[in-house]
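Worksheet: one structure, shown below.
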Amino acid sequence: MSCLASCCASLTCGLCTSVASGVTRSSARLAYCGLFGVSLIVSWVLREVASPLLKNFSWINTSDNLSKEWFQAQAVLRVSLGNFLFFGVLALIMIGIKDQNDRRDSWHHGGWVAKLVIWVLLVALMFFLPNGVITIYGFLSKFGAGFFLLIQVIILLDATHSWNDSWVAKDEQKWYVALLVVSVACYIATFVFSGILFMWFNPSGHECGLNVFFIVMTMILAFAFAVIALHPKVNGSLLPASVISVYCAYVCYSGLSSEPRDYVCNGLHNKSKAVTTSTLVLGMLTTVLSVLYSALRAGSATTFMSPPSSPRSGDKKCLLASEELESGKGSPEARPVSYSYTFFHLIFSLASMYSAMLLSGWTSSSESSELIDVGWTSLWVRICTEWVTAGLYVWSLVAPLFFPDREFY
């Protein structure tokens with residue numbers, strides 16, 4: 001077993017070294033996304049084999065009463081902590097970078113062999129820390145995961161508004177029709193899906209007032225989005241309202257499906273393994289896609305993630321120039337960075353915490369090692385995320401009314 005692990009580690013290091021040598025300046029953001037994806041795979045694999053391995057570590061296996069689920073959470077949290085420290089240190093190092101003449105700019109885009117070695121060492125060293133440190137990190141990760149979900153919501157709002165603006169800017173009838181069709185389809189999907197949730201999470205013969213409240217509130221919010229967005233005094237559109245409505249319905253489903261499997265109002269408890277696996281895959285895919293989008297979106301000068309020195313969306317020539325500068329083709333005299341490196345790495349740090357919570361069931365004991373992201377904590381995190389999403393979207397619509405002299409991007 002140890003020989004096989006040694007061979008795999010050797011092959012992995014060789015592969016990582018060859019890949020690292022091929023990373024260019026323009027593909028650095030994707031390389032960071034790839035490294036984050038590798039960390040998720042490592043966490044998932046170690047979670048499955050953690051129990052027999054970690055029992056051999058005397059500073060981890062400190063009691064005979066530790067369950068398999070506890071060892072699984074330990075493995076996930078330790079990999080997450082190493083990943084968090086890696087991206088967190090990079091975020092601190094990159095504070096204040098405004099142009100590419102800064103020496104730290106090369107640290108962000110280059111040195112991949114060294115960074116891979118540091119990442120591997122950090123993850124490995126986390127398995128030599130005492131359990132108390134991991135317990136503290138697990139507690140803090142709940143808050144870090146919440147911040148990541150908040151950033152995820154802001155990214156979604158930014159994406160939907162950009163999508164709507166890009167179609168409206170074409171100023172052609174077919175694009176207006178497309179906007180209407182997509183908006184109506186999203187609203188139909190929202191209310192149909194909400195009706196299905198009533199069937200799944202409000203079984204007959206049981207009092208499920210809490211679940212009914214969550215579902216009805218989702219439908220009310222969807223209706224309110226449309227009313228506010230179409231109000232004459234609000235400069236809104238139906239497309240973002242419909243997309244946010246679908247997202248809220250999905251988050252509501254995600255929360256309700258995280259209810260304990262023995263809860264009578266969870267109509268999916270008889271299919272616990274299948275539902276949990278699909279929830280895990282979908283949750284992990286959402287995490288990877290949101291981080292990937294934030295990484296790519298951070299390179300655009302039109303987003304809230306751009307530093308003050310970067311060009312804005314109103315000047316396409318400036319945007320083109322920033323892209324040329326990013327790849328090293330522009331003039332060496334004025335080379336402002338096109339996105340905040342600190343914020344970029346901060347996203348990965350918080351995403352590391354979120355992925356740990358997803359894989360460890362928010363560090364709460366689960367009734368089975370096959371169940372992932374199940375429990376009342378997960379339910380309330382999801383529901384609160386839905387309500388925060390609703391609040392942020394409504395605020396994005398009404399904020400210009402309260403602050404007419406301020407320019408909103």
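A Cβ is built for glycine as well, from the same backbone N, Cα and C atoms used for every other residue.
All TrEMBL annotations are machine predictions without curation.
As recorded in TrEMBL:
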TRANSMEM  28-46  transmembrane segment
TRANSMEM  75-97  transmembrane segment
TRANSMEM  117-140  transmembrane segment
TRANSMEM  175-201  transmembrane segment
TRANSMEM  208-230  transmembrane segment
TRANSMEM  236-253  transmembrane segment
TRANSMEM  274-296  transmembrane segment
TRANSMEM  339-359  transmembrane segment
TRANSMEM  379-403  transmembrane segment
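Between the transmembrane segment (208-230) and the transmembrane segment (75-97) there are fewer than 3 Cβ pairs closer than 8 Å, counting only residues 6 or more apart in sequence, so the two stretches are not in contact. Across 28-46, 175-201, 236-253, the stretch most heavily in contact with the transmembrane segment (75-97), judged by Cβ pairs under 8 Å, is 28-46. Only residues 6 or more beyond the boundaries of the transmembrane segment (175-201), in the same chain, are considered here, and those with a CB under 8 A from a CB of the stretch are 164, 167-168, 208, 211-212, 215, 218-219, 222, 226, 237-239, 241-243, 245-246, 248-250, 252-253, 256, 259, 265-268. Using a Cβ-Cβ cut-off under 8 Å and counting only residues 6 or more beyond its ends in the same chain, the transmembrane segment (379-403) has close neighbours at 145-146, 149-150, 153-154, 156-157, 161, 214, 218, 221, 224-225, 228-229, 233-236, 240-241, 244, 247-248, 251-252, 254-256, 258-259, 362.
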